[in-house]
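J.: This structure is in structure tokens; I'll ask about it shortly.
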Amino acid sequence: MSEVEFSHEYWMRHALTLAKRAWDEREVPVGAVLVHNNRVIGEGWNRPIGRHDPTAHAEIMALRQGGLVMQNYRLIDATLYVTLEPCVMCAGAMIHSRIGRVVFGARDAKTGAAGSLMDVLHHPGMNHRVEITEGILADECAALLSDFFRMRRQEIKAQKKAQSSTD
């Protein structure tokens, strides 16, 4: 019996499910799943607020879990699926962990380090290159983020209005 090979879209849907967990925790909704040999070895969603940890990005959480599962920080041939283009910190962690590929959904024009703002993953000064596949379920990934930030702006506006009416 042969093993089923799951598609980029399949794994990105899994990452989107994890991103919704971040939303439920009132964190920026980014999710990540780390896959090695067609098997999940790490999962994560943004948790820096709840964990009081600026490094608790979805990608870092998934890489940490993957290292524990593999009993090695070198995650050679692993693929990281993430709903948003990685930041500089996460791109650096991907290089140090030696993953083979990152697959992301939405681009991040403000802090994206996989081609939007800069390309850390292919920088000639780095000792490892990570292959990049982008745009998988990009519209769904971007919509989740847009909806979240729209909701947050509305909440802030309502709080300010309530505060000004009590002053």
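Backbone N, Cα and C atoms are what each Cβ position is placed from, and that goes for glycine too.
Quick paste from Swiss-Prot:
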| type | residues | note |
| --- | --- | --- |
| ACT_SITE | Glu59 | active site, proton donor |
| BINDING | His57, Cys87, Cys90 | Zn(2+) binding site |
| DOMAIN | 6-117 | domain 'CMP/dCMP-type deaminase' |
J.: Tell me the Cα distance separating the residue listed as 'active site, proton donor' from Cys87 (Zn(2+) binding site), rounded to the nearest angstrom.
T.: 10
J.: Where Cys90 (Zn(2+) binding site) and Glu59 (active site, proton donor) are concerned, what is their Cα separation in Å, rounded?
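T.: Here the two Cα atoms are 6 Å apart.
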J.: Helix, strand, coil: count each for the residues of the domain 'CMP/dCMP-type deaminase' (6-117), based on DSSP.
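T.: DSSP classes over the domain 'CMP/dCMP-type deaminase' (6-117) add up to 44 helix, 26 strand, 42 coil.
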J.: Compute the mean position of the Cβ atoms of His57, Cys87, Cys90, which form the recorded Zn(2+) site, and then list in sequence order the other residues of that chain whose Cβ is within 8 Å of it.
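T.: Going along the sequence, the neighbours appear as Ala58, Glu59, Ile60, Pro86, Val88, Met89, Ala91, Ala93, Ala113.
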J.: Any same-chain residues 6+ apart from His57 (Zn(2+) binding site) with CB under 8 Å of its CB? Would you list them in sequence order, or say none?
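T.: The list for His57 (Zn(2+) binding site) reads Val30, Gly44, Asn46, Pro48, Cys87, Met89, Cys90, given in order along the sequence.
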J.: What number of additional C-beta atoms lies within 10 angstroms of the C-beta atom of the residue listed as 'active site, proton donor'?
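T.: 29, counting other Cβ atoms within 10 Å of the residue listed as 'active site, proton donor'.
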J.: What is the Cβ neighbour count of Cys87 (Zn(2+) binding site) at a 10 Å cut-off, with all protein chains included?
T.: 21
J.: Provide the number of Cβ atoms within 10 Å of the Cβ of Cys90 (Zn(2+) binding site), excluding the reference atom itself.
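T.: Around the Cβ of Cys90 (Zn(2+) binding site), 27 other Cβ atoms lie within 10 Å.
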J.: Over the domain 'CMP/dCMP-type deaminase' (6-117), what is the model's mean pLDDT?
T.: 98
